[in-house]
């Protein structure tokens, strides 16, 4: 009986964490994959992947990171 109650509580906690991210925010996270552009100070890939919005270029900050500036 305790195992069933524990499983139900864990399931409820996981569900509440999943619902914590609004649908609109989730869609914004994947805007680059849909062909949208990246705004200022967002990470980009100069050789491939999502492109920066007009007027911005993908600048390499260091070996591991590039941002739209």
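Cβ coordinates are placed from backbone N, Cα and C, and glycine is handled just like the others.
Sequence annotations record features per position, and here Swiss-Prot assigns signal peptide to 1-20 based on sequence analysis. Annotation comment: Swiss-Prot describes 37-53, 44-58, 52-68 as disulfide bond, evidence class similarity to another entry.
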For residue 53 (disulfide bond), what is the tally of other C-beta atoms lying within 10 angstroms of its C-beta? 13
Between residue 68 (disulfide bond) and residue 53 (disulfide bond), the C-alpha gap once rounded to whole angstrom: 8
Candidates 37, 44, 58, 68: member of the disulfide-bonded residues with the richest Cβ shell (10 Å): 44
Would you identify the secondary structure of residue 53 (disulfide bond) according to DSSP, in three states? coil
Restricting to the same chain and to sequence separations of six or more, state which residues have a Cβ under 8 Å from that of residue 52 (disulfide bond). 37, 38, 42, 44, 58, 68
